[in-house]
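Student: I have a structure I would like to understand better, so I am pasting it below and will then ask my questions one at a time.
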Amino acid sequence: MPPYTIVYFPVRGRCEATRMLLADQGQSWKEEVVTIDVWLQGSLKSTCLYGQLPKFEDGDLTLYQSNAILRHLGRSLGLYGKDQKEAALVDMVNDGVEDLRCKYGTLIYTNYENGKDDYVKALPGHLKPFETLLSQNQGGKAFIVGNQISFADYNLLDLLLVHQVLAPGCLDNFPLLSAYVARLSARPKIKAFLSSPDHLNRPINGNGKQ
């Protein structure tokens, strides 16, 4: 029996970074897929702490909130920096990823048709901090923090990949980010995950927009 269970919709959404992390770390997990019809019936939603998914089970521990799940796995699998200073930087990066992910979610679910052009125009300003962070860490040739991968790397990689779908070429003026995406995507287990039918057949978002 896999030690982890992901309860989520049949989309990448806020769970693909967690799935990518688990795959890269050689962990197995069980998926409990919740269709929108089942969700709208309300019985499952009423049992969820915040009335939302994902839900994540690690043995007898049940977690909600995608970033809490990532931080838990970061602590338990050694993906949280080598010391307190690096852990603080990992948290900072992940909060920056969350800020941009929220902007992306608002665009996708509330203002896609009218807001996409303005969003894409503003995107370089939102990507620049991550390029800066890479430049400050071993010349951008390593990870986003330190010399070992962290949960924030998986979250950032997933966010950059979905933005490359939204706005192809969005990383063209960010050579360090472009190389970072290529480098992490080439890690054998991440490469296998990204080319797997499970990943490829999952829509990025629940409304079909990307």
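Each Cβ is built from the backbone N, Cα and C atoms, and glycine gets one as well.
Copying in the features that Swiss-Prot gives for the protein in this structure:
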- 2-81: domain 'GST N-terminal' (DOMAIN)
- Tyr4: phosphotyrosine (MOD_RES)
- Tyr8, Arg14, Trp39, Lys45, Gln52, Leu53, Gln65, Ser66: glutathione binding site (BINDING)
- Thr62: phosphothreonine (MOD_RES)
- 83-204: domain 'GST C-terminal' (DOMAIN)
- Lys103: N6-succinyllysine (MOD_RES)
- Lys116: N6-succinyllysine (MOD_RES)
- Lys128: N6-acetyllysine (MOD_RES)
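Give me the lay of the land around each of these features.
Tutor: Non-local contacts of Tyr4 (phosphotyrosine) by the CB criterion (under 8 A, 6+ apart in sequence, same chain) comprise Leu22, Gln27, Ser28, Trp29, Lys30, Phe56, Glu57, Asp58.
The 10 Å shell around the Cβ of Gln65 (glutathione binding site) contains 16 further Cβ atoms across the protein chains shown.
DSSP classifies Thr62 (phosphothreonine) as strand under the three-state reduction. In this view, Thr62 (phosphothreonine) is surrounded by 13 other Cβ atoms within 10 Å of its Cβ, with every protein chain counted.
If you draw a 10 Å sphere around the CB of Lys103 (N6-succinyllysine), it holds 15 other CB atoms from the protein chains shown.
Lys116 (N6-succinyllysine) falls within a helix when secondary structure is assigned with DSSP. Lys116 (N6-succinyllysine) is surrounded by 15 other CB atoms, counting those within 10 A of its CB over all protein chains shown.
For the recorded site, Lys128 (N6-acetyllysine), the DSSP three-state label reads helix. Within the same chain, residues at least six positions away from Lys128 (N6-acetyllysine) with a Cβ under 8 Å of its Cβ are Phe174.
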Student: If you count Cβ atoms within 10 Å of each one, which of the binding-site residues Arg14, Trp39, Gln52 comes out on top?
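Tutor: Checking each of Arg14, Trp39, Gln52, the winner is Arg14.
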Student: Look up Lys103 (N6-succinyllysine) in the DSSP assignment and report helix, strand or coil.
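Tutor: Looking at the DSSP assignment, Lys103 (N6-succinyllysine) belongs to a helix.
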Student: Provide, as an integer number of angstrom, the distance between the C-alpha atoms of Tyr8 (glutathione binding site) and Thr62 (phosphothreonine).
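Tutor: Cα-Cα distance, Tyr8 (glutathione binding site) to Thr62 (phosphothreonine): 13 Å.
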